[in-house]
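Enquirer: TrEMBL lists these features:
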- B:5-223: domain 'Cytochrome b/b6 N-terminal region profile' (DOMAIN)
- B:39-67: transmembrane segment (TRANSMEM)
- B:96-114: transmembrane segment (TRANSMEM)
- B:126-146: transmembrane segment (TRANSMEM)
- B:158-179: transmembrane segment (TRANSMEM)
- B:191-214: transmembrane segment (TRANSMEM)
Amino acid sequence: MAHGHKSNEKVVFVGDSRVKKAGMFQTPPDYTAFPGKSEAFIPNFLLKEWMVGCVVLVGFLVWVIAEPAPLGYPADPTNASFIPMPDWYFLFLYQFLKYPYVSQDYVLLGTMGIPGIMFGALMLAPFLDTGKERRFYRRPIASSLMLLTLASCVYLTVVSWDHYQHMLAENNTIPEHHERADKAREAIERGEPRPNPLKKAAAIIEADDPAMSIAQAQCIGCHAADFSGAVGPALIGVGNRMTQEEIAAIITNGSENGAMPHFNDKLSAEEIDQLAVWLAKQTQ
Amino acid sequence: MFKNVYNWIDERLDITPLWRDVADHEVPEHVNPAHHFSAFVYCFGGLTFFITVIQILSGMFLTMYYVPDIIHAYASVDFLQHQVAFGQIVRGMHHFGASLVIVMMFLHTLRVFFTGSYKAPREMNWVVGMLIFFIMLGLGFTGYLLPWDNKAYYATKVGVEIAASVPYIGPYIADFLYGGDIVGAQTLTRFFAIHVFFLPGALIAMLAAHFLMIRKQGISGPL
């Protein structure tokens with residue numbers, strides 16, 4: 001176009017230009033090669049593709065909103081009890097390496113030998129299966145090898161996952177990202193802030209206060225010896241959530257939902273006041 | 001106005017053939033699900049690309065908040081997940097999209113295999129597709145470490161230990177990935193660099209080759 005013959009062009013390519021004077025658009029080989037009702041890519045087919053793409057995207061977003069991405073506790077290299085687990089699409093390889101004759105003395109066969117042959121064969125499939133026939137049922141060797149490999153991968157993945165579940169049950173643990181999500185949900189339901197696993201366990205403030213001994217006598221049964229919460233919520237940080245008056249009211253009359261009993265018969269008004277002043281200082 | 005700008009550029013650079021070559025091709029009946037519903041199996045390649053684009057875009061947004069060092073990595077992911085507006089959704093898209101890419105790519109590979117589309121003259125495109133497969137697995141492996149939680153840490157430790165058991169080159173691979181003796185500060189920055197620069201660069205080059213070849217050769221004919 002640019003090197004056409006129109007005399008009003010601003011740029012004219014000179015005769016010895018290396019720019020090839022190609023014709024207009026070259027028809028690609030698949031343009032008319034196939035019988036039947038072919039359809040233009042733009043705009044007809046692309047429009048349909050976009051519609052399918054929108055549906056896929058909406059479905060994907062619904063999934064992502066319903067299921068937050070997992071996050072466990074911060075990496076701790078000294079944690080000896082953690083059960084390692086790769087992402088699900090590596091499980092078949094992970095499980096494969098647990099079998100005899102591909103582990104221990106034979107680990108080379110497990111890491112390089114068999115996976116090397118399998119992935120090598122997959123990569124070089126066009127040079128191994130060179131026949132002209134394309135239909136899978138007329139290529140029994142290639143097709144059956146692929147189906148066998150597929151079945152093996154599915155089997156190994158399922159066994160590996162099953163093994164992982166058994167190990168979790170044996171060690172009586174739940175995956176950390178579940179534990180963390182559960183704890184966060186419980187904390188939010190109690191009206192506390194989301195626990196931050198990076199924060200060191202906060203210490204009680206003014207632990208030498210005389211109110212501490214009252215608290216140790218009366219409160220630790222429900223609120224735990226370190227005041228981190230058990231049946232009742234954590235008292236560490238209670239000053240963030242309540243004022244001194246609110247704390248005093250709850251100690252005197254019990255909590256509104258009746259979960260905490262009233263202490264006006266066990267403690268004097270003076271002791272309650274002392275306790276409330278001290279608890280209101282427990283901020284983080 | 002727009003047309004004048006286009007013509008001005010086209011006069012100088014002859015850009016029309018570039019996009020006409022992409023735009024002007026026909027989709028044959030045997031791959032069009034509108035004609036034969038079973039032809040939906042031909043959509044998996046396009047869907048893989050679609051999810052890959054989502055991965056690239058969501059990953060670009062994640063790097064706005066993510067900090068690749070062992071003190072702040074976990075904290076930045078935690079902040080992203082719980083404090084940043086739509087952070088949970090963007091991280092979710094990237095996390096689950098990684099699985100979805102693998103699934104779609106797997107289905108696409110099976111379609112190509114069982115329709116015998118890898119046969120002459122398309123051998124090179126199959127090999128490039130396999131390289132894309134390995135790059136995707138590499139992206140999955142390196143990306144798994146980045147949130148720096150226990151699951152990430154120990155999966156990487158085990159993975160690199162397996163690689164290290166390979167004779168002769170194993171210790172070099174482990175040294176390259178670890179950047180030291182343990183999974184530590186260097187490992188995280190290396191995995192970040194590999195995940196965000198090295199592998200995506202290779203991926204884009206391979207995708208370009210993949211698409212160039214399919215345009216040059218056309219889609220394989222009906223069975």
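Using N, Cα and C of the backbone, Cβ positions are placed for all residues, glycine too.
I would like each feature placed in context: is it buried or exposed, what are its neighbours, and how far apart are things?
Expert: Sequence-distant neighbours of the transmembrane segment (B:39-67) (same chain, 6+ residues past either end, Cβ-Cβ under 8 Å): 30-33, 73, 75-77, 79-80, 84, 87, 90-91, 93-94, 97-98, 100-101, 104-105, 107-108, 111-112, 115, 146, 196, 200, 203, 207, 219.
With a threshold of 8 Å between CB atoms, the same-chain residues lying at least 6 positions outside the transmembrane segment (B:96-114) that come near it are 41-42, 44-45, 47-48, 51-52, 54-55, 58, 126, 129, 132-133, 136-137, 139-140, 143.
Within its own chain, the transmembrane segment (B:158-179) is flanked in space by residues 141, 186-187, 189-191, which lie at least six positions past its ends and keep a Cβ under 8 Å from the stretch.
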Enquirer: Quick one: mean pLDDT on the domain 'Cytochrome b/b6 N-terminal region profile' (B:5-223)?
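Expert: PLDDT averaged over the stretch: 93.
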